[in-house]
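Lifted from Swiss-Prot, the feature list:
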type	residues	note
ACT_SITE	108	active site, nucleophile
ACT_SITE	204	active site, cysteine persulfide intermediate
BINDING	14, 15, 16, 17, 18, 19, 20, 21, 40, 132	ATP binding site
DISULFID	108-204	disulfide bond
SITE	133	site 'Interaction with tRNA'
SITE	344	site 'Interaction with tRNA'
C-alpha cells in the first residue's frame, strides 16, 4: 500500500463521491493522516436531471458525505459553480463556436480542481492534496515527474498534462500503482458502499450527453445554418450549425455523394463545414499552443523523437517535436495520423513519462 509520508500530517482529499477518491480517503485515514474531504459543487444540478453516471451530481455529493461520515473525517462542500462556469463551461461553449472540439475535463483539472483547490488546501494547512487519478508521481534525477498509471486501461495522464511542476510537488496520486479492481477491493475492505458504484461517464455538466442543448442555452444563436462545401470547391448542401460537427465525423452530414465523405475542416469565420474523402483526414504535422513542459532538463529547443497522443482513447504515435517560440511546438508524425482536431490536447511522452503537452491549433497540414 502507498504511504504518503509522516503520520498525523494533514492531507486534503478531493472527494467526488466515486470509489476512487473514497478509497484514497479511507487509505490515508487508515495510515493515520488527518484527512479532510472536500467535494466541489461545480454546476447547477438541475441541468443534469435524469443523467446517470455523471460526476459531481447531487447523488455524488451525498455519497462523498456518507463516506466521510463513515470514516469520521471532516467534509466540506464548496460552491465552485461560478468559477466552473467561467473557467470550464464558457470555454467549452466558445470552443465549439470556434469550430473546435473541446476537452473540458482538462480545463477543469487545470483550473478549479488543481489551481483553486490547491489554494484552498494550503489555506487549511494541508501538506498535500490527494486525488483519485490513475497517474504516478515519480522522483527523478531532476525532480518530480508525471508518469502514466500502472494500469494502462485506467491511465489518466492525458487529462493532467497541464499540471505544473509546482502543483505536482504538492499533489499525490495514491492510486497510480493500482488497478481498478484493486481499488474496488480496497474500498470493499473498508466497508464503503460506493465500492462497486459505476464509473462516471461523459461530461458532468452535459445532460443526457446532449452538449448542443447546453451550448444553445448559453448562446441562443449558436446553431446558425451555413454551407457544406467539398474540399474541391463545390457546394453540397447546408449544415445546421458548426457546433453539430467535428473533425472526422461521417454520420449525420445529411448529404448524398458517390463516396463516403467526412468533415475535414470547419471554418467558423465564414460558417462553412468542409468535407472530403477519408484520405483528406490524414495529417503529417500540426502546431500546438500553450505548451506546458515538465521536463526542464530536456532541451526542448532541439528536435526530439517522442510519442504523442492526440485523443485519450488513441495509442501514442511516434513523432518529432520542435519548439516554436515560448509556448508553441511543431509536431510531425513519423507516419500520417487521421482526424487531428483543433481544440483537443496533444500530450507528449517518453516511455511512461509525460514530458508535456499543448492544445492543437488550426495550423494543421
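Counting starts with 1 at the first residue shown.
Quick reminder: no glycine exception, Cβ is built from N, Cα and C everywhere.
Features per Swiss-Prot, on structure.
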{"residue": "14", "record": "ATP binding site", "DSSP class": "strand"}
{"residue": "20", "record": "ATP binding site", "DSSP class": "helix"}
{"residue": "40", "record": "ATP binding site", "DSSP class": "strand"}
{"residue": "108", "record": "active site, nucleophile", "DSSP class": "helix"}
{"residue": "133", "record": "site 'Interaction with tRNA'", "DSSP class": "coil"}
{"residue": "204", "record": "active site, cysteine persulfide intermediate", "DSSP class": "coil"}
{"residue": "344", "record": "site 'Interaction with tRNA'", "DSSP class": "coil"}
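Of 133, 204, 344, all annotated as recorded positions, the residue with the shortest Cα distance to residue 40 (ATP binding site) is 204. Cβ neighbour count for residue 204 (active site, cysteine persulfide intermediate): 23 (other Cβ atoms within 10 Å of its Cβ, all protein chains included).
Put simply, 133 is the one of the recorded positions 108, 133, 204, 344 whose Cα lies nearest to the Cα of residue 14 (ATP binding site). Comparing CA positions across the recorded positions 108, 133, 204, 344, the one lying closest to residue 20 (ATP binding site) turns out to be 133.
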